[in-house]
Amino acid sequence: MGPWTLLLLHLPLVVSMLPAPTNVSIVSFNLEHTLTWLPGPETPDNTHFTVQSLRKNSWQLVKGCARLKTRQSCDLTNTFKDPFYHYKARVQAITTTQKSNRSLSMLFYPLTDTLLGPPVVSVSGCGNCPLLQVTPPTSRGLQRSLSPTQLYYRQFTCKVRRTRDGSQFSMWVTSTEKTVIGYLEPGAEYCVTVTPSTSFNPHSVPSEPHCAFTSPTAANTVPVVLSVLCAFSLLVVLLCGIVVYSGRLLCMHKPLPKTLSSVPLCGG
């Protein structure tokens, strides 16, 4: 059997192959993992896709991902449970008569590759020293983790920005207790943004700015009180002077008794 005969025998197999899926990637947010891909060029409309994951050196079918349609994705959250383990996945296009080559994803490490979402932030006012409370978000993937607070949401970078001029400073906070933000200008608006901070995962999303006004400076009432007291004192002195002066006038116009009117005046 010549080489051309062998080539002709294998030609139908080559022609019957489906285009392999492209752009295979694992998207992870707060330990919720999803495998996505695009159909290969000229993939038939009746094509289904099947997903396998690598477990202990063997490929196994992912539950719920055996007959996916175009533009569907595969949920790997229940499959990639251990954040300290590394995983791979592959997808294959299938019809009733054809199959494609399998397309592999990149090596995935949940601990370092997942995107950490923003924490839950609350700011309660206490004058010029607002209280900041930071708690981890909730998700199906984080609930499966052994200790999401200790792993991912233990420390945070808090940026405090004054809206009037854009000046800002940063501080470290934890999720175990409330933090007092001190040394703020009275009567100014400040916005607080909190981002998860870990030494092993650089992928994180900051929270939305939480803005609040500090209390204005209390008015100094001492000068006002002193002014009122001075005015009142002057009024009292003025009234006393008027009373005394009026008494003297009355005494000057009052007629003398007859016994005194007969007494000659000095120099008279």
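Glycine residues also receive a Cβ, built from the backbone N, Cα and C atoms like all the rest.
Taking Cβ-Cβ distances under 8 Å and a sequence gap of 6 or more within the same chain, the neighbours of Cys65 (disulfide bond) are Leu35, Phe49, Thr50, Val51, Cys74, Asp75. Residues annotated as disulfide bond in Swiss-Prot, with similarity to another entry given as evidence: Cys65-Cys74 (among others).
Per Swiss-Prot, disulfide bond is recorded for Cys191-Cys211 (among others). According to its DSSP assignment, Cys211 (disulfide bond) is in a strand. Residue density at Cys211 (disulfide bond): 13 other Cβ atoms are found within 10 A of its Cβ, drawing on all protein chains shown.
Feature annotation from Swiss-Prot assigns domain 'Fibronectin type-III 1' to 18-114; the stated evidence is sequence analysis. Under DSSP, the residues of the domain 'Fibronectin type-III 1' (18-114) split into helix, strand and coil as follows: 4 helix, 43 strand, 50 coil.
If you look up Swiss-Prot, you'll see 115-217 marked as domain 'Fibronectin type-III 2'.
Marked as signal peptide by Swiss-Prot on the basis of sequence analysis: 1-16.
Annotation comment: Swiss-Prot describes 17-223 as topological domain 'Extracellular'.
Per Swiss-Prot, the feature topological domain 'Cytoplasmic' maps to 245-268.
Residues annotated as transmembrane segment in Swiss-Prot, with sequence analysis given as evidence: 224-244.
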Just checking, which of Cys74, Cys191 (disulfide-bonded residues) has the fewest C-beta atoms within 10 Å of its C-beta? Cys191
Reported mean pLDDT - the topological domain 'Extracellular' (17-223): 90
